[in-house]
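Asker: Take a look at the following structure, please.
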C-alpha cells in the first residue's frame, strides 16, 4: 500500500487558498480514480482507491498545516507503510505557477507542513512540489499563501489537478520521473509552459 497525502488547512475558510493546493490535488485524484467516500480517520479525512494496480490510502490531515505530521504518522503506523511509500502533495513557493517537481527527501524550504511530517516520520518520503509562485517579498508570503487563488489563476490550477489525476498511476507505481514528465507535457499542451501567462514575475 502507498500513502498519498495532500497538505492544506481544514474548513471552508481555507478551501480555495493557495496553501491548500495539496488538498485540491488529492480531491482530483480521488474523483478520477473513484475512491471510497471520505471518512474521518487518522486526525483527518481518509479514503482508499486502486490507482493503476496499486492500493493507495488518501489522506487530508485536519490538524492544520503545522501539525500535519501527527496525522501522517498515525496512518503510516496503522497500515505499516514504509516511508518510501509516502507521497506528499504540497504548495511550493520556489516554483513558478503550474510547475511540478517530484523529489525524495531534502529540506523543507520553510514549509511548516513538511517540517511537521519530517519531525514525526523522518525525511525520506516523496514530495510532489506544486508551484504557486512567489509574491516577490518574504514579508508578503504569509498573506499570499493564505489568500485564495485569483480568478485568473483558476484555469491553470484546474488543469494541473486534472493532469495529476490523469497520471497518478505512474506515481503510485513509483515511476516518479515519468510522472513528472507527463505532467510537464500535459501542461505544456495547455499553454502553461509560458510562465508570464500565469503571472510569475520571478522567472
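Backbone N, Cα and C define each Cβ position, glycine as well.
From Swiss-Prot, for reference:
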type	residues	note
ACT_SITE	19	active site, proton acceptor
BINDING	14, 64, 66, 112	tRNA binding site
SITE	9	site 'Discriminates between blocked and unblocked aminoacyl-tRNA'
SITE	91	site 'Stabilizes the basic form of H active site to accept a proton'
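Give me the structural setting of these features: burial, nearby parts and distances.
Answerer: On its own chain, residue 19 (active site, proton acceptor) has 7, 8, 9, 65, 91, 145, 146 as residues at least 6 apart in sequence with a Cβ closer than 8 Å to its own Cβ.
Using a 10 Å Cβ-Cβ cutoff, residue 66 (tRNA binding site) registers 12 neighbours.
DSSP classifies residue 9 (site 'Discriminates between blocked and unblocked aminoacyl-tRNA') as coil under the three-state reduction.
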Asker: Centre the Cβ atoms of 14, 64, 66, 112, go out 8 Å, and tell me which other residues of that chain have a Cβ in range of the tRNA site.
Answerer: 9, 19, 63, 65, 67, 68, 113
Asker: Taking 10 A as the limit, how many CB atoms besides its own sit near the CB of residue 64 (tRNA binding site)?
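Answerer: Around the Cβ of residue 64 (tRNA binding site), 15 other Cβ atoms lie within 10 Å.
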Asker: Taking only same-chain residues 6+ apart in sequence, whose CB is under 8 Å from that of residue 14 (tRNA binding site), what do you get?
Answerer: 8, 20, 146
Asker: Which entry in the list of recorded positions, 9, 112, has its Cβ near the fewest other Cβ atoms, using 10 Å as the limit?
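Answerer: Taking 9, 112 as the recorded positions, the minimal 10 Å Cβ count falls on 112.
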Asker: Secondary structure at residue 91 (site 'Stabilizes the basic form of H active site to accept a proton') (DSSP, helix/strand/coil)?
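Answerer: Looking at the DSSP assignment, residue 91 (site 'Stabilizes the basic form of H active site to accept a proton') belongs to a strand.
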